[in-house]
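**Student:** Checked TrEMBL, it gives:
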BINDING   166, 167, 168, 236  NADP(+) binding site
DOMAIN    6-121  domain 'Tetrahydrofolate dehydrogenase/cyclohydrolase catalytic'
DOMAIN    140-291  domain 'Tetrahydrofolate dehydrogenase/cyclohydrolase NAD(P)-binding'
Ligand SMILES: Nc1nc(=O)c2c([nH]1)NC[C@@H]1CN(c3ccc(C(=O)N[C@@H](CCC(=O)O)C(=O)O)cc3)C=[N+]21
């Protein structure tokens with residue numbers, strides 16, 4: 001059985017088209033466009049490529065977008081001052097500080113300094129807390145992209161056994177929280193596995209929906225998947241380069257074997273990744289509406 005491909009890239013394109021129309025309407029009616037700044041500290045090549053992708057998308061959607069590159073040895077105080085500047089800048093609706101930050105910079109302190117109303121990543125503890133109590137202003141981008149993909153693919157979520165592999169603050173914990181919440185596209189029974197889980201396969205085998213954000217290339221193999229399950233692969237692992245220098249990416253799921261067992265699966269690349277970027281744009285549009293008191 002060949003699994004249906006959940007093409008995040010295609011869904012993301014659809015959503016971007018909706019957003020683009022929304023931005024044009026806002027511009028025409030209210031004379032404002034969403035403003036997004038992406039701050040990159042240092043020269044991590046993967047981060048550079050993600051930030052470029054975010055800027056390109058923001059530009060295509062007609063945003064006011066600023067790419068702020070800073071040297072790897074930028075002090076914590078200077079970074080805090082920079083964030084403060086954007087917190088006060090009325091043209092900026094969303095602030096994204098690309099993670100990971102260089103060693104020596106306290107990530108938590110930085111995330112706390114972002115105005116929660118401009119925190120389009122939804123990493124600030126205020127937004128994390130609001131998510132936990134079921135009253136989010138912004139949803140974190142990767143989990144929001146996963147939920148959107150599940151909903152649009154028609155996978156039954158209500159009452160389903162969802163197993164999440166990975167417990168990070170940016171994927172594992174928030175997606176578990178979102179899918180167990182009361183409401184549409186949720187109401188699931190969620191199990192979270194991690195590196196100390198005694199028997200991961202015991203859990204993954206039970207999953208109707210299996211979400212893998214383990215950070216280990218091809219961690220989930222075909223024999224760990226329940227026949228007919230929906231598999232969401234959040235991993236983006238560079239395993240080499242092609243002759244012409246392009247990155248070769250693999251997920252956290254052994255794709256070929258998983259496709260034989262699952263009913264639906266996200267590819268890497270072209271699955272969750274493009275959805276993540278698009279949800280960032282969605283959050284920025286929302287931030288702009290809130291900041292300008294636009295109700296439609
Ligand atoms: N403050 C912050 N916010 C983030 O949202 C954030 C971050 N830091 N740090 C790193 C992670 C990772 N992340 C990805 C986004 C898009 C793709 C993506 O579009 N991937 C393409 C492949 C792109 C490629 O060629 O590398 C795909 O899967 O099709 C992947 C990963 C956002 N992150």
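Each Cβ is built from the backbone N, Cα and C atoms, and glycine gets one as well.
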**Student:** When a 10 Å sphere is centred on the Cβ of residue 167 (NADP(+) binding site), how many other Cβ atoms does it contain?
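**Tutor:** Here the count is 17.
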**Student:** Which of these binding-site residues has the least crowded Cβ, counting other Cβ atoms within 10 Å: 166, 168, 236?
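**Tutor:** Each of the binding-site residues 166, 168, 236 was scored by Cβ atoms within 10 Å; lowest is 168.
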**Student:** Which binding-site residues among 166, 167, 236 have CB under 6 Å of ligand 1?
**Tutor:** 236
**Student:** For the domain 'Tetrahydrofolate dehydrogenase/cyclohydrolase catalytic' (6-121), would you mind checking the mean pLDDT of the predicted model?
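**Tutor:** Mean pLDDT for the domain 'Tetrahydrofolate dehydrogenase/cyclohydrolase catalytic' (6-121): 97.
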**Student:** Record lists 166, 167, 168, 236 as binding NADP(+); longest Cα-Cα distance in Å?
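**Tutor:** So the maximum pairwise Cα distance among the NADP(+) binders is 16 Å.
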**Student:** So, in DSSP terms, is residue 167 (NADP(+) binding site) helix, strand, or coil?
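**Tutor:** Going by the DSSP assignment, residue 167 (NADP(+) binding site) belongs to neither helix nor strand, so it counts as coil.
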**Student:** Per DSSP, what is the helix/strand/coil residue tally across the domain 'Tetrahydrofolate dehydrogenase/cyclohydrolase catalytic' (6-121)?
**Tutor:** 62 helix, 18 strand, 36 coil
